[in-house]
């Protein structure tokens, strides 16, 4: 190839744009990068050319890769997090700004300006598993060094960005690409100052070498301040021009070029001011203690997380995919160790911090929160949470996530043992209760909305929800000495009130802000710790306590602030030993149980803690109903009620009760305390919490009245799950499930889980009508009819029970099938009697109590039968749920089973039913049946009308004897469930109906047949087996057709099937077949054929089928 030969190369960038360049064939790859840098807007140092999966090496020629006329891909390298300058030319080349021609707006910053971490696409479970390093103690070594070192490095990086902006301001518009920003004397001085800072370096091979870190000296701080001064001097003339432009911007008219230059100055100066402010914030907390021994070092008075809001919630909008061009800013600042040396030089913990990219870091603290800068430098600060923040660079309110991880070693005494696994030092952080598949399904929808909003697209039906800031002021100082007078905060307009052994009322206990924020925080990961506002001059001791939650097996960390005025800090071992006042089981404890047990937060342990009254700040308009209700309650309880109960010592203070269990040994509540909060308030709270948890999944249900059936159908994408004719479990239980899912919403279910029976009370008419029609089949609701219906229903469950417990190990002497059958029969009798006979206002509450009692007894009974194996019982329940949910989305079923497994473990650990109480329900192998056998002899035939069998959605009717079919009542009659004539307490007139209809010698035969059929599960005929394998909709159609008894219809159908054609017309054949003589001959032939079949059948006995001769021989 000749030296002067040209070649065409097409370069494709990540934005799908292609550019064709004509270059010399012998050009080096390095020279080619420099040639295309001005067109693509990426400096040669950041370019990476890829062709056929290979990276083009810079020292090779372009023609060696045979790219003539081909397409090569250009990607941008991620810049190193820290840059160390070794010389002037290398520094200038590594920090050259990108071309401004690549930006759509003249003068806009480069696409990766201020991005110190560049990521591609990641998903939430992977990131969650790696967040465990953020919660480790201060002993973990990090590459960035100590907190003061991180501050200085952060300031240096920010100064580099400011210098880039200044270089663009000082350079000519047409020569910006060729400008060398680091050639100035000031920049050289800046580079020399950075050489003194030991930090991570990166060589040409990409290997990072970390030097030992230490606390920086004050001289290094002085050099950074000098660099700041030089930057301010360079910025001063542009600030003057900036003010002139803004002063005349209201009414001036501009030419095109003048307008572009002025706009460019406004953009660059504004960005520089923001960066300069961040740099000042980063270094403003550095202090030097002159009273300490030399050599003296710098320390930090507060972590960076102080400058961010304590809690920002965007309805749990979790960004899952973050494309290149966004910024992930992580601030892992810990708090001071809970020890202050005598010389006053506090030792800060070793953590990592990066540049925060949120506008919230410059916002003033909310009202009611006093800046912590008022605290003395040598006082122990309040514990601050670690903050992991993901912020979108374009539209910040759309993608905002704060995950606060409590530092286990912060703020506590030095003699506290290290945290155990799952408390503060766990290696990995998981999300209990939500499987990765379900989180991924939710996250995909949220990600699409977040990304579309970031790019300016509109999503139908999506409205940006309001952003809330939940804050809590610092707890006031109380003297918690047993028997001493407790000082309560003064009420508005009142003076401070003291009373011996005062019990702090609802406004002083169980911070509502912490419960709600922890509730949503549990959805993300560990419970969220709301930041403490203000400061206290007295020494404060914080004790981290591990509390067991009610709906999750993971242990959660709750911080118990306890203030004392003595000089000795006291550490309490657990929550129950804190001699704080008892919370009456009324307003806030009920709300604590409601919110605390929903997702397993530490609210149940917070109900007995004395904290400051919460304050809730709404940052944007649009307050939902539940937050409005919370605000109303807080305003209504500003006056702290004080009771005069006798003082209680620390040893007598009972532990906080668990959420499902009622509070025991607690102080008596004030008058009418349980009635202070109406059910409507709890409904609004639950509705708001569910809306925050589900995020975009609940966007279609703004009113909170969407039924569970509609919700599941919307998630699964199928619209026939809960239809009467759809495939499903069928039968009585399928219809009952359909009724509940169509009438209950998610809010109703949560209310029922927390003891509110109003949804059941509202469902009373539908339940009564359903049980009368589907359970008793329009029979009178007498005790005997209810008992008979219960036996019929439970007998049909025998195969299901045997199949469910076939894969687990049962006690050798226990008949688990008969145990469950008789237990369910007894419970159905009780519940059905209550539903059909109770008509007062206690219907819902009593029904809920009966269902809960039955559930606990069933769990305890089967747990005993399974030898106490909880995993076996959980697998039995989950397997049944999976079989009943074949048409539901597998992701949703997996989530339901996971949540149910966690909830079941908690319930089994708090079982109120003892093993001795359920022994009466246990049935042993070989024992004589006390209830089923006599009842099987007394039980009459099932009197279900034929039209119900044809029109119902139940499974096919099992095979019955000929006698049962013959003595079914006609379709027009009202069915009754008739008892046996030998029943001592029932009417003889009703019981004589079926026995009087047959000869007396056949009564024992029928009874024996019924008993045998109920004792042994017979194999169904082939016809029933065929029907049972059909879909429910097809099976119903088949059952509804009925037999064709007309001879003419039968022959016509046979002709159509076989394709035969009559010699005469079809009408003529029909007339001949409708003749009575032909009908008689046909019937006679049919009976003769059946008689021959019966004679050849060895299993046929005339004693078992005594009416055969009357049916097929025409005998009278």
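Cβ coordinates are placed from backbone N, Cα and C, and glycine is handled just like the others.
Your range for region 'Disordered', going by Swiss-Prot and the list 76-114, 115-153, is 76-114. Your range for region 'Disordered', going by Swiss-Prot and the list 1035-1057, 1058-1080, is 1058-1080. Looking at 640-678, 679-717, 718-756, 757-795, the range annotated in Swiss-Prot as region 'Disordered' turns out to be 640-678. Across the compositional bias 'Basic and acidic residues' (1068-1080), the DSSP tally of helix, strand and coil residues reads 11 helix, 0 strand, 2 coil. If you take every residue in the domain 'Ubiquitin-like' (7-82) and average the pLDDT, you get 86. Secondary structure of the domain 'Ubiquitin-like' (7-82) per DSSP (helix as H, G, I; strand as E, B; remaining residues coil): 19 helix, 28 strand, 29 coil.
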